[in-house]
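Everything on this sheet refers to the single structure shown next.
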Amino acid sequence: MATLDSDVTMIPAGEASSSVAASSSNKKAKRFEIKKWSAVALWAWDIVVDNCAICRNHIMDLCIECQANQASATSEECTVAWGVCNHAFHFHCISRWLKTRQVCPLDNSEWEFQKYGH
């Protein structure tokens, strides 16, 4: 039996009848029991970068170039590119950036592709 708070006690499903006797021996009655708990989880990419630092869109959304051409662009074409510095950008954004500068936009280290794709 795990106590979360002084007023709340979680009781596993099989121990409900034995805990009635135990709780009757306690002088202070509990306010409520949790009989069922449905946990919810959220899945996310295991990367620290949530937004592309160049276009400021979420890294898993379309970049601004693909949003402008949304009729012809698909999410498969708008992929993520990682550098050896572990910074991630939309491939279209970093490609445009690399035409003028061969460095990472965030740490100014020489850019080299580490990984490309979803």
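For all residues, glycine too, the Cβ spot is worked out from N, Cα and C.
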Problem set entry | Same Zn(2+) 1 site per Swiss-Prot - residue from H87, H90 joining C52, C55 | H90
Problem set entry | Matching residue for the Zn(2+) 2 site, where Swiss-Prot names C63, C66, H92 - out of C78, C85 | C78
For this session: Counting Cβ neighbours within 10 Å across all chains shown, tell me which of the binding-site residues C52, C104 comes out on top.
Result: C52
Problem set entry | Residue distribution over DSSP helix, strand and coil in the zinc finger (63-108) | 13 helix, 8 strand, 25 coil
